[in-house]
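Enquirer: Take a look at what Swiss-Prot says about it:
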- Cys11-Cys72: disulfide bond (DISULFID)
- Cys15-Cys37: disulfide bond (DISULFID)
- Cys22-Cys44: disulfide bond (DISULFID)
- Cys26-Cys46: disulfide bond (DISULFID)
- 1-73: domain 'LCN-type CS-alpha/beta' (DOMAIN)
Amino acid sequence: KEGYPMGRDGCKISCVINNNFCKVECQAKWRQSDGYCYFWGLSCYCTIYQKTPRFGILAPINVEDNVTVTQCLGHLINVMYSH
C-alpha cells in the first residue's frame, strides 16, 4: 500500500509542493519507492514496493502510521507559516 514517511521527530515529513523532495525522502527510507507531496495533507506520501516471494515481482506494502495528530500539530502549523 502507500503511506506517510516519518521524520526523526516521529511526525510526518512536511512539504508544500515539492514532489522531488518527497521522492528523495521516500527513497532514502525505502529503496524501491516513489513519493510526492500530498498538498491537502502538507506531507510527503510514499508508494513502497517489495518483491513478492512467489513471483519475484514488485508488490505494494503498507506503511504504518502510529503517530497521533496532536503530537505533530505544532510541527504542522510551523511548516504552514514558515513557507
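Note that Cβ sites are derived from N, Cα and C of the backbone, with glycine treated the same way.
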Enquirer: Given the disulfide-bonded residues Cys22, Cys26, Cys46, which one's Cα is the least distant from that of Cys15 (disulfide bond)?
Expert: Cys22
Enquirer: Which number gives the other C-beta atoms within 10 angstroms of the C-beta of Cys46 (disulfide bond), all protein chains shown included?
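Expert: That number is 23.
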Enquirer: Sorry to bug you, but what's the C-alpha spacing from Cys26 (disulfide bond) to Cys37 (disulfide bond), rounded to the closest Å?
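Expert: So the Cα of Cys26 (disulfide bond) lies 11 Å away from that of Cys37 (disulfide bond).
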Enquirer: Tell me, roughly as an integer, the mean pLDDT over the domain 'LCN-type CS-alpha/beta' (1-73).
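Expert: Result for the domain 'LCN-type CS-alpha/beta' (1-73): average pLDDT 75.
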Enquirer: Among Cys22, Cys26, Cys44, Cys46, these being the disulfide-bonded residues, pick the one whose CA is nearest to that of Cys11 (disulfide bond).
Expert: Cys44
Enquirer: For the disulfide-bonded residues listed here, Cys22, Cys26, which shows the highest count of neighbouring CB atoms within 10 A?
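Expert: That would be Cys26, with the highest Cβ count within 10 Å.
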